[in-house]
Each structure stands twice: as structure tokens, then as C-alpha cells.
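Notes follow the structure.
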Amino acid sequence: MAIENPPTQGAARKGDRIFLGLSRGSGIALLVIMAAIAVFLTWRAALAISADEGNFLTTFEWDANGDPPVFGIAVLAFGTVVSSIIAMVLAVPVAVGIALFISHYAPRKMATTLGYVVDLLAAVPSIVYGLWGALFLVPHLTGLYEWLDQFLGWTGLFAYEGGAARSLFTVGILLAIMILPIVTNVSREVFRQAPKMHEEAALALGATRWEVIRISVLPFGRSGVISASMLGLGRALGETMAVATVLSPSFLISASLLDPGGGTFAQNIAAGFKEAGSMGRDALIASGLVLFVITLLVNGAARLIIARRKEYSGANA
Amino acid sequence: MKLQRTNRLRAAAVGALAVSGALVLSACGSDNNSGGSGGESTSKAASNIKCGEDANLLASGSSAQKNAMDIWTQTYQSACSGTQINYKPTGSGAGIQEFLQGKTAFAGSDSALKPEEVAQSKKVCKSGQGIDLPMVGGPVAVTYNVSGVDDLVLDAETLGKIFDSEITKWNDPEIKKLNPDAKLPGTKIQAFHRSDESGTTDNFTKYLNSAAPSAWKHEPAKAWAGKGGQGADGSSGIATNVKQNDGAIGYVELSYATGNDLNSVKLDTGASEPVEATTDNASKAIADAKVTGKGKDLALELNYKTKTEGAYPIVLVTYEIACDKGNKKDSLDAMKSFLTYTASEDGQKALGDKGYAPIPDEIIAKVRTTIDSLS
């Protein structure tokens, strides 16, 4: 009865309508903002790309203020992707380890403290990471570089010729530290939500702690860890100041990860923007568009992976 | 859980605030100290300033001018409190863009307007066009860090080869020839250049290209064109890296070299003695420049091959860019008054101890007449 004719019907309808309007408005606002960014990037980029005398995708040069303008994004795309991959390879296993330790191994007090430290890591601004990287990390990596050269130099990937360690590899290490907190935090929340029943069932079957984690927690958390990694990857792809401070950029692709050189989209925009003329600015915006597209592709891929495993609906929402 | 987390974040934020607050405070403190020494001369100089109509004067551009602008603004505003001057060191390119869009009264730039920029300026200047007024100069020092060497002489030829990775060891015979008495080690040379586009790079490569065309074949540009070496962000980035690495060499504005206690190369220009990078020596080189701008435009062409005794040829001249006619009415008077002060003897003298070189008399006299005629 109450459902058919509730006394507060009028108010409820009004509230419903307002809330519907607000939430629909937020959704639309998001789409409008994204569309506005995409239109702006595409429009300015089209101007630049049509004036480009080089091949926008394959030229190893960036002389957008020159006459005629010659520029290409090959080096930037390579550097952005490679440094982000290095960061992911280094950060994700460690982040999953920290998350599991906090959610399943550590005593309560220690877990709280550790969680606090991880949050603190997230609160450090990227320029501070950059300064730390340039003043502390770079001079202290020379030893590691020499070691890598000695044992892995034959692969060509880790050949080192001396000099300051300001390469894509160092950038990858720094980015790994920067994305650690976000990957850890999201993974930790996911692992915490692993159904207690599954864990207890596994324990009842005589599983050890590691086996419990392997058969009940990790499969449940897999898609969550993937979306956590994608959030981290997003940050790594777009990181600007820290990269600009640490990397020694150049428009060359080197076979060795330890050679100074290369560049990333965001770093190149930061470095070129201040002195850019109107063509230079449009060219930088065109490179921003490529980064936008790469990020979209990465997110799309992550969605696909997650969609294939629907057990954890939270990541799909 | 959620609640707890926000609390933690809040605690972190409070901590970060406290730290940054302390940094800001200490930064202000040091600023005041350095300004304090010039306090007396400031008030004396201020008495000679003729104030314009009260206005809000917006300008932006070259970051190489920032320190000079800070000093000028401080002195000027202590005399003319009705005028607010706001100079944003956004970089020369961005400054010119803002000027051309009519957002600012004048721009600061490390290089003169290009022909197409002059054409664009006719839109914002209506009846006139944009002109270059040389206002500050400064030596670009080549700093190095080689253990056991604190007196190093190089010439344009060797500099070009070093920065283009053709000379790779410090004990190279070409360097030895210029430094017969120095104990040069066999360390690898690490040449540092600016990774961001910069007027400093533009001027440094103009020097290399003009004084040693056979060793430096790249076109001068704001973006680095040389082979090899390492890039670093900003003058401070280069200074830090030169300091950190044995065998390093890099080019920075003089104030960064002295501020970081770095050794600077003496240049063998062909004069009887190698020339040190000092403000006086830079002024001597600027005095050798020709005015190439047409009409009221005072764009300079430096003589990088100068052999004048004591003239240090790697210099940067930065300009103020305004309209010759058709400046914004509401800020014209204030702008003329401010620029008259910066070009005055007091204005030029105020910069000596900050690593800037005053513009020599003959040229600055023309600048003063031109400022007077702005409308």
C-alpha cells in the first residue's frame, strides 16, 4: 500500500528528479570536457601536421620553429612507451607484494603504518621526485649501470659507455617509484575484498598461507590489479616534470637503454613550450594528441582484459 | 576504512604544508637579504625617476631578464607607488606571443623580432609596428669541472669541436696546445647543453657558428642541434650537472656560474690575452655590435669575431619589444616612464653585480631617444 501512495511522494519525486538531473549533468559534463579537449587537440594538430615538412610519424627530429618546420614523434613515442614499460615491470610486482603484505601478512599496527607511508609517497609532488632523481638517484646509479654493463652488456640493451646516468632506464626507475603508491593502494583494497569464505574454505582444505593467496586471493584480485596497473601506467605516460629534470633528451633512438637520450611526449612539451612560436606550439599540441590517443588505446586494452573476467564487478563500474 | 584513509591523507597534507611553508618563509628571507645590500642606492636612484600616469603595466617574456626586471621593478615602484609592474618570466617565445595578441604592454626577448613577427605586430600596433630595444646584456660563461684544472683556455674552434663531440678527451692535443702548463687528465668530456629551447643556446650557437664555422656547422637555433653530449633542463640544470660530474663542461649565464662556484673558461679570441667572462668584458663586446634594425628598431648584430682587447664575445643581448606607434593608451605613459628609468644610467648601473652587462653608451643613448618617441 505504502508503495502505491506514499505520503512523501511529491518530495521524493522532486528529490529524484533533482538527483537524476545532477548525476546526468555530471556525466554529460565529463563527455563535453573530453570532447572539447579532443576537438582542440585535433584542430591545432591538423594545422601543424599539414605544415610539417618531415613525416610526422617517422622523422627523428624536432625543429617545429624552423623554416620549414620539420618534426616527427617517433622518438617521443618510443621513449614514452619504453620508460613506462620499464616502470611497470619494476613497480607492479613490488606493489602487489606490498599490497599482499599489508592485507594478509602484516600485523595490524604495522599494516596501518605501512599504508600511511605508501600514502605519503603519493603526496610527494613530481618536481620533488625530479630533484631527488637528478641530485641523488642519478649519481648513485653509476655503480648499477657498470654492473649491468658487465653482466648484461652483451645483449646490447644494457651497454654503458660512462657518463652521467640520465637515460630512459633511470627515468623508468623514477617513474616506478612514482606509480608505486597508486598501484599498491588500489591492489590492497581489492585484496581486502577477497571473499573470506573462499579463504576459509582453502584453509579448511589444508592450504598454507601462500596457497590460500594463490588459489583464492590472486585470481579474485587479478582484474583489480590490472586496472590498478593501468592507473599507474596513465601516470607514467603523462609524467612531465620528473622526466624533464632527470632525462638528457635527444632526438635519437639508442639500442642501449642506458645511453642518455630519447625523450617523452610530456617532457618534450615542457621543454619546448616556453620558447615556441605559433607553429612550434601547434606541433607540441599535435604530439599531445598522439599521447592522448596512446592513453586511450592503453585504457581500451585494459577494459578488454577486465571485461573478459567479470568476477570482480567493481573494476567494471 | 575510508574515514581512516582521509585522515591519513589529511595528516600527510598538513605535514607537507608545514614543510613547504618553511621553504617559502626561508626563500623570502634570503630574497630580502640579497636585496638589502642595495637598499641605500635604491632610494637614491629612485629620486631621479619621473613617474608616469598611474597604470597597471603588464609584460612577459625572457627569463634571462627576470632578475634585472625584479631589481628595476622594486626600485621603480618604491618611487612610483601608483604603478603596478607585473613581469612574468614565461620565456621569450611565449612573451612575444602574448605581446602580439595584445595581452601585454611590452615583451622581453632574448632575440629580435623575426620579419614575420614584425608583420604580425602591425595588427596589435595598429598605426605602427613592433620594435626591438636592447636593454640588458650578459655574458654566457662556459663552465667546466675537471679535477686538477682550474685555469682553462679554449677558443671557438675547440669549443665547437667539444660541443659537437669531435673532441672527446680532456687531454686532446688541441686542448693541450692552448693550455701548455695545465695538467690535463684523460677523462672523458661530458658536454652539457640545454634540453629546453632557450635564448642562451641560440646566442651560444650563434657565436660558435660565426666564430668557428668549420668546427660548428649547425644553424644557430634555440633548440640544441649539436651531436652527442647530454641535455639538462634550464641553466640551473646545467650548473648542477657540471658540478656533479668530473669532466663536465656546459654553458650558462654568468650568474649561474658564480652562484654555483664553477670555474669558467677563458676565451682565446685572438687578442693578446685570453678573455675572462665578466660583465665588463661583455660590455666591451657589445660595444662592437652594429645596429641592424631599420627605423626605430634597434636590433643589434653582434661581432662574434671581435679581437678587441678584453672583449668577451659570447654575450646575450635581451630586448624589450614594444610598438613604435599605437601602444596601448592606458599604459603608454607608465611604460615610457619605466623604460626611461631602465635605460637610464641609474637603471643600467643597478645590474652590474647581478651578472648583467650594461648596454654601452652609444647604443643606450639611441634607446633613450627611441623610448622618448614612443606613442
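Every residue, even glycine, has its Cβ placed from backbone N, Cα and C.
Packing against the transmembrane segment (A:27-49) from elsewhere in the chain are residues 56, 64, 69, 279, 281-283, 285-286, 288-289, 292: each is 6 or more residues past its ends and has a CB under 8 Å from a CB in it. Annotated transmembrane segment per TrEMBL: A:27-49 (among others), in sequence order.
Remote same-chain residues near the transmembrane segment (A:69-102) are listed as 48, 51-63, 111, 114-115, 118, 168-169, 171-173, 175-180, 183-185, 187-188, 190-191, 213, 217, 225, 228-229, 232-233, 236-237, 243, 247, 250-253, 257, 262-268, 279-280, 283, 286-287, 290-291, 294 (criterion: CB distance under 8 Å, separation of at least six residues from the stretch ends). Feature annotation from TrEMBL assigns transmembrane segment to A:69-102 (among others).
Annotated domain 'ABC transmembrane type-1' per TrEMBL: A:77-302, in sequence order.
According to TrEMBL, the feature transmembrane segment maps to A:114-138 (among others).
Feature annotation from TrEMBL assigns transmembrane segment to A:158-183 (among others). Only residues 6 or more beyond the boundaries of the transmembrane segment (A:158-183), in the same chain, are considered here, and those with a CB under 8 A from a CB of the stretch are 79, 82-88, 90-92, 94-96, 98-99, 118-119, 121-122, 126, 129-130, 133-134, 137-139, 141-142, 145-146, 148-149, 152, 225, 228-229, 231-233, 235-236, 239, 242-243, 246-248, 255-262, 264.
Feature annotation from TrEMBL assigns transmembrane segment to A:236-258 (among others).
The transmembrane segment annotation in TrEMBL covers A:283-306 (among others).
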